[in-house]
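A short write-up of the structure that comes next.
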């Protein structure tokens, strides 16, 4: 079966729904932990599930280069390879190619680059990206696009967006009769009119879901919110809406307020490894000396394995001594915190108390609720 999206209820622009796959149901709004190389760094699949994750993200670009789809297919597909029995979304490789900067060359055909592993010259095209994602057995496949850099002139952003639209058409053609869901990615830089053209082009082609790409690439927060505010309400109502690569807990709340259903970001896992831990009142920098003698848990309100079993002083000690257990315990906590933010939003939407949830979320942080335009 292909993915089925059900929209249950709304509160303002915030949406409560679910995506139904053969491998399970994903209640939305949802956060997807990033498992770039077939692993959420330092975590077993069971531990990731225990945080509340319903779906995870894999990286086409990296998995194509190493270990390669041939080895993955010897196990079945990516689910079997990494022992994850829930849905997987794979990104197309477009963003990673964008990250290579000067090491890549973009043409109408695709992107040519040197493998960061062995220097081999590789051509990644929309067709190749679809083929690799099919071999990975992805449940949600992302089209191959060019992530518009920031800053970009309107002419540069237009040219990039138009190329992405042509690649979207080719991605859809190559995807063919595959049972996996195929999502289009809206580009257009920081220009509303280009975002509109991109969205219209993608909806004319027709996809199972739509993502906002090209944000969280170094632009000021105001620009991100401006584009999100403009674009999200125009996205098809009966299809999932995905904001790629975002963000902090506050960003998730603000994006849900504006109608987004899905998120992914490395922030909870990467910040965990750097000792930056999210709690209901803000961020704890566990490396700081103030935690050296603190016997209290990281977050009194958290039900994660870390908070139930260890003190701030112990986590501080692990961080200071560079013990790998520290990164693991921190990651368990941060991922659970993110999943709890999402499940609390879902519960509030179910109960019709979403506005109250938002007020309490910001009250705990000593912040006022940002205005919706």
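Here the Cβ of each residue, glycine as well, is placed from N, Cα and C on the backbone.
Annotation for residue 91 (active site, proton acceptor): same-chain Cβ neighbours under 8 Å, separated by at least 6 residues, are 57, 58, 59, 60, 61, 142, 244. Annotated active site, proton acceptor per Swiss-Prot: 91, in sequence order.
Secondary structure at residue 94 (substrate binding site), as computed by DSSP, is helix. According to Swiss-Prot, the feature substrate binding site maps to 91, 92, 93, 94, 95, 145, 187, 214, an assignment based on sequence analysis.
The list of residues near the region 'RNA binding' (245-251) in space but at least 6 beyond its ends in sequence, with Cβ under 8 angstroms from a Cβ of it, reads 95, 215-217, 224, 263-265, 267, 278, 337-338, 341, 365. Here Swiss-Prot flags 245-251 (among others) as region 'RNA binding', drawing on sequence analysis.
In sequence order, 31, 32, 33, 34, 57, 89, 244, 245 constitute the residues six or more apart from residue 264 (active site, nucleophile) in its chain with CB-CB distances below 8 Å. The active site, nucleophile feature in Swiss-Prot is assigned to 264; the stated evidence is sequence analysis.
Residues or ranges marked as region 'RNA binding' in Swiss-Prot: 269-273 (among others). For the region 'RNA binding' (269-273), the residues of the chain that approach it from at least six positions outside its boundaries are 33-34, 40-42, 327, 330-331, 333-335, judged by C-beta separation under 8 angstroms.
If you look up Swiss-Prot, you'll see 302, 304, 307, 333 marked as Zn(2+) binding site, on the strength of sequence analysis. The secondary structure of residue 302 (Zn(2+) binding site), as reduced to three states from DSSP, is coil rather than helix or strand. Residues within less than 8 Å, Cβ to Cβ, of residue 302 (Zn(2+) binding site) and separated from it by at least 6 positions along the same chain comprise 279, 280, 333, 336, 337, 340.
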For residue 304 (Zn(2+) binding site): intrachain residues, at least 6 apart, with Cβ closer than 8 Å: 51, 332, 333, 336, 337
For the region 'RNA binding' (269-273), mean pLDDT (0 to 100): 98
Residues flanking the substrate site, with Cβ no more than 8 Å from the Cβ centroid of 91, 92, 93, 94, 95, 145, 187, 214 and excluding those residues themselves: 97, 98, 142, 143, 144, 146, 147, 164, 185, 213, 244
Chain-internal residues, separated by at least six, CB under 8 A from residue 95 (substrate binding site): 147, 213, 244, 245
Fewest other C-beta atoms within 10 angstroms, as judged across 92, 187, which are the binding-site residues: 92
Inter-residue Cα distance where the pair is residue 214 (substrate binding site) and residue 307 (Zn(2+) binding site), in Å: 35
Neighbouring C-beta atoms (10 Å sphere around the C-beta of residue 214 (substrate binding site)): 34
